[in-house]
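Following: one structure in structure tokens, then a few remarks.
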């Protein structure tokens, strides 16, 4: 009498957890996509760190023995040009401080500006292209969203005190930079070609975070 055929051995089967992707359940080490906003913040931090590496010592900037009255307007212009090339990062920090102080003195305008920036970030810049903005049961296209944000920005900037505060802060910071650059003697400052080239690359790197987060630039 022939014996019954032996059944094949059963292989263990692992059921994936609910909500997990097949790649994760299979033990794959595929990297998780980094959110665009986190990548943007990383770019801002890296750009600021590279730019601040060229900052001159503040003691050198505020050396009282190096100040004198310029002989003429052309002399003041020449001083300002050389000091701008040498103290560019420090001057940018001075302008940023003046702008920040102007906004901090008016908290309501600062809240309006932060809310406007948040709206641009989350409704347009870092929103997935396949997720339209839906308000009151209506989906808005990218063009309609952009036009709405531009209109809201125009109203909030020019019909409130936000624009005037920004302009006044920039004017105060620019005036401080111009006065310092005109009265600070640059004879003890040495800016060779390699440092000038590095400064130009640092200035470009300061705005490098403006590239698209997913472009890899």
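From the backbone N, Cα and C atoms, a Cβ is placed for every residue, glycine too.
Keep in mind the model is a prediction, meaning the values are calculated, not measured.
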Range annotated transmembrane segment in TrEMBL (choices 85-104, 185-204) is 85-104
Per the Cβ under 8 Å criterion, with at least 6 residues separating them from its ends, the transmembrane segment (146-179) contacts 80, 84, 91, 94-103, 106, 109, 112-113, 116, 119-120, 123-124, 140
